[in-house]
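> Here you go, one structure.
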Amino acid sequence: MRRLFLFIFLFNQVLNIALDVKPNGHKLNKSGLMHKLMDTFNDVSNPSKADINCGLCTVLVDGLQQGIKSNKTDQELFQFVEDFCVNLKIEEPHICKAVVPQFGPEIIFVLTKSKHDVDDICGSLIKGCGNPDNPKTQLWSMTIPGNKPAVKPWPTVANGGQTLRVLHLSDIHIDRLYTPGKESNCTHGGGVANPMCCRPYPDDDLQKPIQIPAGPWGMNENCDIPFQTFANAMKHISETQKLDYIIVTGDMEAHDIWDYTKDKTIANIDNITAVLTSFFPTVPIYQATGNHEGVPMDGMPPHTMEEYDSHSPQWLYNEYAKIWGVHLTQQAISDIQYRASYSVYIQKNLRLISLNTVYCSEWNFFLLLDVVDPDGTLEWLTEQLLDAEQKNEKVHIISHIPAGDDYCLKGWSFNFYDIVNRFEGTIAAMFYGHTHKDDFNVFYENGDPTGRPTHFTWIAPSLTTYSYLNPAYRIYTIDGAYTGSSYTVLEAETYWADVAAANQNGQEPNWQLEYKTKQDYQMTDLSPKSWNELIKRLETDDTLFNKFHTNYYRNPNQAKNCYKEPECRKQFICRVRSARSYDETNFCK
């Protein structure tokens, strides 16, 4: 929501500098309009925030388009927006000064080039606003190969066989400015919450007493983790686990999205990868890009975009190629440099595909110009899966944004869903992050939640505590590597640390086993069928649901009695059934 406010208020100030002409040619009373807008915004009795935001967005996007047509310079636009942000205390002054030049060029470029009208754009930004058939929900088709092999039963694996141990890290989000003793429950004078806490701000009111000081190991608040918590976790894992390889599913940057720079992002990627390598010098590490690696966040346009070189993420893709390429082929490195995706053999007859899902991100504003298969990524994925199928190989997919999350554009998500169902016999496992929660999604044949479950995704908990969480990581036991291996996940162990306890007792975090998926959820195996049966049990078994709900947050203070609230429980059940975005009417019956 904070990104939306920043985006909306960027438009708001543009009304003050646009031509004094409405779209219909009448004079625009700026003063009266601004009073009306502010009255609407400040009307807290209004029952629908969505209606308020929609009204603002509709007027403001139109105003911005008029400002662009009047040839106002970027600097003129930026300065007015900054002043507006500061004067209305939308954010701390230093954030206002930074966020406008961070996102402004992308937004202005997209709206200058876009053929979409106000209703399309606001419909893309705000649910229930404007045109429901907007770029965010636009469906598009692609060719998926036919001749699907006959569906085989999920493989049965005998106990005691050869296995692989794999570490899954996701959403590390190290805050390099994390400072013990700083406010962890931060608000400023206007009562607006800061985007992040546990760090110093130039606008700090030094006279205001700190209510909840940040501890040395992190906080269950609106804070990312300090570097020492990341290093401590890696030290613990290296001393307690024997690993065959590591997967990292994106998002290393902190959540200070107003302060991203290319140099800082590169330094952060280099440092985190170097730390991983120092603790696991002989263990292969395979990574996927997160949306927070973009500068600005999510800013990864496809090559087909006009003036691509002016906004290109090539600097990032080249860095990935350098850092990730240690265990990769030259072809994989070339694929990274083009689309930040790659395919590599990690065991005999097992391919790992790292998929760039920022190409489906709703906050990748460049996609407003063309949402259809950015950089041919899904076509490339299909080619990889078809080749693997023809060679009787298995595939693991690692990625960041789950396709069932509404953060992922509908057209991309629907096509990915069909690809998974087409290649269900080839894909052995899929691993994601992004949500920071401990979760999963199930796929169904023909998208029918009452039908046969075809596959599922592992959505890993985050190492960051943002927001109101405890840090966690996961270890998979995978069938392999031997002739005929299924490469399916046999068990998943999730570990966590109580940072509040560590802060209180003055000792290092106690990393401990939280639960084993198959064992604690009493699943027959970890097949799609068993995951679907788990969903059915979650609907009726209060004890089981509470266990899942607590694991989801890994913070007892967050895990309320959701099972007693039908709507709360329904939302959780709906989400795990939904591996396809913007399809609530189908999966939430």
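Each residue, glycine too, has its Cβ placed from N, Cα and C.
Pulled these from TrEMBL:
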SIGNAL    1-20  signal peptide
DOMAIN    50-133  domain 'Saposin B-type'
DISULFID  CYS54-CYS129  disulfide bond
DISULFID  CYS57-CYS122  disulfide bond
DISULFID  CYS85-CYS96  disulfide bond
BINDING   ASP171, HIS173, ASP251, HIS436  Zn(2+) 1 binding site
DISULFID  CYS186-CYS197  disulfide bond
DISULFID  CYS198-CYS223  disulfide bond
BINDING   ASP251, ASN291, HIS400, HIS434  Zn(2+) 2 binding site
DISULFID  CYS360-CYS408  disulfide bond
DISULFID  CYS574-CYS588  disulfide bond
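How about a rundown of where these features are and what they're close to?
Broken down with DSSP, the domain 'Saposin B-type' (50-133) shows 63 helix, 0 strand, 21 coil.
Cβ-based neighbour count (10 Å, all protein chains) for CYS54 (disulfide bond) stands at 20.
Every protein chain considered, the tally of other Cβ atoms within 10 Å of the Cβ of CYS96 (disulfide bond) stands at 23.
Listed in sequence order, the residues of the same chain lying 6 or more apart from HIS173 (Zn(2+) 1 binding site) and placing their CB within less than 8 Å of its CB are ASP224, ILE225, ASP251, MET252, GLU253, ALA254, HIS255, HIS292, SER462, LEU463, THR464, TYR466.
All protein chains considered, the CB of CYS186 (disulfide bond) has 24 other CB atoms within 10 Å. DSSP assigns CYS186 (disulfide bond) to coil in the three-state reduction, placing it in neither a helix nor a strand.
Every protein chain considered, the tally of other Cβ atoms within 10 Å of the Cβ of CYS223 (disulfide bond) stands at 30. Secondary structure at CYS223 (disulfide bond), taken from DSSP and collapsed to helix, strand or coil, is coil.
In the shown protein chains, 27 other C-beta atoms lie within 10 A of the C-beta of ASP251 (Zn(2+) 1 binding site).
Taking the Cβ of CYS408 (disulfide bond) as reference, residues of its chain lying under 8 Å away and at least six apart in sequence are, in sequence order, THR357, CYS360, SER361, GLU362, ILE401, PRO402, SER581.
DSSP assigns CYS574 (disulfide bond) to a helical segment in the three-state reduction. The number of other Cβ atoms within 10 Å of the Cβ belonging to CYS574 (disulfide bond), over all protein chains shown, comes to 15.
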> Which of the recorded positions CYS85, ASP171, CYS186, ASN291, HIS400 has its Cα closest in space to the Cα of CYS223 (disulfide bond)?
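Of all the candidates listed, CYS186 is nearest in space.
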> Residues other than ASP251, ASN291, HIS400, HIS434 within 8 Å, Cβ to Cβ centroid, of the Zn(2+) 2 site?
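Neighbours within 8 Å of the Cβ centroid, excluding ASP251, ASN291, HIS400, HIS434: ASP171, THR249, GLY250, THR289, GLY290, HIS292, THR357, VAL358, ILE401, GLY433.
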> Which whole-number value in Å describes the distance between the Cα atoms of HIS400 (Zn(2+) 2 binding site) and CYS122 (disulfide bond)?
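The separation of the Cα atoms works out to 26 Å.
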> If one measures from the C-alpha of CYS186 (disulfide bond) to the C-alpha of CYS198 (disulfide bond), what distance in angstrom results, rounded to a whole number?
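That separation, Cα to Cα, works out to 8 Å.
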> Measuring CA to CA, name the entry from the disulfide-bonded residues CYS57, CYS85, CYS197 that ends up nearest HIS434 (Zn(2+) 2 binding site).
CYS197
> Quick one: which residues besides ASP171, HIS173, ASP251, HIS436 have a Cβ within 8 Å of the Zn(2+) 1 site's Cβ centroid, in sequence order?
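The answer, listed by sequence position, is SER170, ILE172, GLY250, GLY290, HIS292, GLY433, HIS434, SER462, LEU463, THR464, TYR466.
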> Reduced to three states, what secondary structure does DSSP give CYS360 (disulfide bond)?
helix
> Counting Cβ atoms within 10 Å across all protein chains shown, which of the disulfide-bonded residues CYS197, CYS588 comes out on top?
CYS197
